[in-house]
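Marked as signal peptide by TrEMBL: 1-23. According to TrEMBL, the feature domain 'Ig-like' maps to 57-149, 164-244, 249-337.
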Amino acid sequence: MKSYAALLSLLLVLGAGLHTAGQSEIFEDIGLGQEQYDYDDAGAADDDEKGGKHEVPSFNVQPMVFNPTVGETVNIPCTSGTKYDSALLMKRRYFDDSKAEQLISGDTFFFVKDDRYSIQDNVFTITNVRKSDSGYYSCTYQTPDMNINVTHTLDVYFSATVKPEHKIIEAIKGDKADLDCNADGNPKPTITWTKQGGKMPSGEAQERGTSIIFEEVDRHVHGTYECLAQNGVGEPAKGTREVVVFYPPEIRTEKEIVHTGNGDKVELVCVVHANPAAEVQWTHDNKPVDRDTMAEVHEGGHRHLLTIEQVSEADFGVYQCSASNKYGAVFEEIKLTDAPSAPAITSDPHSAEESSYTLTWTTESYYPITAYTITYRKTKANESTDEPGEWMEIAEDVAEGAQDAGPSRSFERTVADLERATDYDGVLVIRNSVKPSADVTFNFSTRKALPPTSLIQLGDNKDALAGMDKAGGHRHPNAAASASLSASLLSLCLFRLLSIASQ
């Protein structure tokens, strides 16, 4: 009789149709009311309360969550302590459409044909699970009076993927660019961005986030970026986003002034960055250069060289490196000269001496420096006027053996017979065997004098230090001399501190 009853229950389900909409109205269609009942371990419905006519089914498992990885096997229990006449139904609702139910099986009969499905001892098994198997699985006993359910959650884990694996994003300088990793996976993957061959434009080695937005791109954004998606399941997934930035040329010269001389070999260099590649031209004093040039890749740009094998007088002047593409044009200048560079003052402007100042400087010159001239004057002739003092001059020749080999050369000269605690203005000009340099102005000051009290005077009063009675602390007759000595020491220290501070 039990098998007939189970079969009758199953036929009722089949007669109502395979979809939930039909299942929910099965018993209403035959005139029987139906009550929904979610099973609770706190106690099954007492069939005595229903008139003692039917044994109400129940489950001995609580709702569970399963997280298998794709390809694994999962066992979903629908077990109970007793075998019932009612058919055990397995229903499924998908996460993205939880209202629509699909009837998978009734007892051991499957409405959904899939070789991966099986039921044994009220345990529903799925082998080689797929991510599409995720959803809510309800074990259901359906009686004329009620439905008894226990619902399990199947959330299938799968490794991260990135689509598309490669993408090209093109932008013009100043445009906005958006890099999106488009990663999928369960659990949700974390995304890490890196730039091939260097750091991110922000200066960081890597950044996190599903996307990166560049509000205004420039040439530093140009390059290939990798997004790494990983969620702890399987191997991480990688995607590349190639950012192509189109921009006008940008030029940098290695030296703005090149110091050389007759017979020397020189290279004039400008580094050009541009996309698309720029057309580069050289001119000399506004005339096209009639000599071979060379370009090589350097630090992501093109290093353009103009080589002069043997410099002659006609080669001196201003050279212009010009670059242009469809987005713009730019140029930089390089001066080729045989004059020494303007001297760079390297000495401290505050002298450590009261009556002298040692001036030091450096210069660049292909030829040896032959002479220099230092002119100087007091900033104020005296305390009663703001007018400067008279100019004084030191002009000296320099022996070739008294200087560095070059082209970088260093010099020093002490200016003596100065007034203490005085500010001075100065002008320095140097020359080599061909030309003078540009004038350079500078300022300096001498140290202020020490107060008249000296350590020798203190030594003469050393007997005054014995003016204190060690036993009783009473002053001897020479205690006044000791107090005077202390005041002198204090004055000396205070004056020295003020002198240092004013320098």
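Here the Cβ of each residue, glycine as well, is placed from N, Cα and C on the backbone.
Where the annotation comes from TrEMBL, it is an automatic prediction and has not been curated.
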DSSP-assigned states of the domain 'Ig-like' (57-149) in counts, ordered helix, strand, coil: 3 helix, 46 strand, 44 coil
Helix-strand-coil residue split for the domain 'Ig-like' (164-244), DSSP-based: 0 helix, 44 strand, 37 coil
Within the domain 'Ig-like' (249-337), residues counted as helix, strand or coil by DSSP: 3 helix, 59 strand, 27 coil
Within the predicted model, mean pLDDT of the domain 'Ig-like' (249-337): 89
